[in-house]
């Protein structure tokens, strides 16, 4: 009864005294009374021509006003909109069969009932309750479900970010492998070019297949994320509405929300499977290289005093030796770093030699100008007469140049290395005989002096130069 009385009072406040209906676009005049904008304008236009007055009296209190002083009453307009919304909700919450207001709820069927539905046989034996009694319980259920959906949404958002990271990481890994494959083929003979295209084609297909999987996972997660957002908006609307609105079809709503389970992300390892195993392809190239193979013997007159040469000058080992001052004074001998040169000198043509490094963890090898500096401040770079590569446990395999270069990639640690020199072409190249792959070629040089094989030996890392007839 009190609620009905309040509604009457609110309607009276929000009604226009001219048209007697709820105000539309309410405006206030000087005295503070409010009217429909169209009503007060019509009133002014009807009365003013008859009297000739620019100022007219308020229809309620006769206080003077003019159209110039009309002010939109936003607060009243907001109240009117709220009343209309409440009335619309109340209209929706009426039993279509009996045209009575819903005020009961059937727990078994999950349906709203009017007082006439309440007494029907179809609900006999069911758990029936007043709307007010079950409202709070179901509101809490909806809110709990909304919390779970938000957690699901947050989880999927994290997974979307993870998938995006996976895509970028996958692209980087593929690009890294692509560069490795390209470098393997860079300086090989022209007949290998078609094979290079084939391997890159396989890699592209592998990349596309994995990206399709990753992007598909990303799209599925995005769809789930958006569905969760829609469910959250629906639940928010229910929780903000009336009790009847909240309970209407509530079990179906909860069932749909519960059906959205969190799917664990399957994070497969991002491993590029395409490998360029050029062992068979490289067989013909090795045959060509070995046409130019020479048997290298180490020159004892150049060996640092801490190096021991054995097996006919083919094995060199780092070993602390007694100092021979006369031997140390030799201009040919390295006295700074533990290095040694091969006996052979190259002034023209092509040469290829192999070095066994299977028992060594660190080494420097290649070719150098015969008269390079032998002291401590030796810079192993082309500008100083060195064309060498270096292996170390800390930095891996790298080319020794005046400017830093990225580490050289190897499929596996080489047991035997091949060094190829084309004097006229100004080329020095390195190959892994173990895997049959190209490692590195220095930029073209212009050789003028005699070149010789160069080796720097480290502790516990002996180097061996196999004879040609033993390979």
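Glycine is treated like the rest: Cβ placed from N, Cα and C.
Residues or ranges marked as zinc finger in Swiss-Prot (evidence: sequence analysis): 16-62 (among others).
Outside the zinc finger (90-131) by six or more residues, the chain places 242-245, 247-252 with a CB less than 8 A from a CB of the stretch. According to Swiss-Prot, the zinc finger annotation covers 90-131 (among others).
According to Swiss-Prot, the feature Zn(2+) binding site maps to 95, 98, 117, 123, an assignment based on sequence analysis. With a 10 A radius on its CB, residue 95 (Zn(2+) binding site) counts 16 other CB atoms from all the protein chains.
Marked as domain 'B30.2/SPRY' by Swiss-Prot: 276-471.
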Across the zinc finger (90-131), average pLDDT on the 0 to 100 scale: 84
Candidate with the highest Cβ count within 10 Å, taken from the binding-site residues 98, 123: 123
For residue 117 (Zn(2+) binding site), nearby residues of its own chain (Cβ under 8 Å, 6 or more apart in sequence): 95, 97, 98, 104, 123
Secondary-structure category, per DSSP, in which residue 98 (Zn(2+) binding site) falls: coil
Three-class DSSP secondary structure - residue 117 (Zn(2+) binding site): helix
DSSP helix/strand/coil residue counts for the zinc finger (90-131): 11 helix, 11 strand, 20 coil
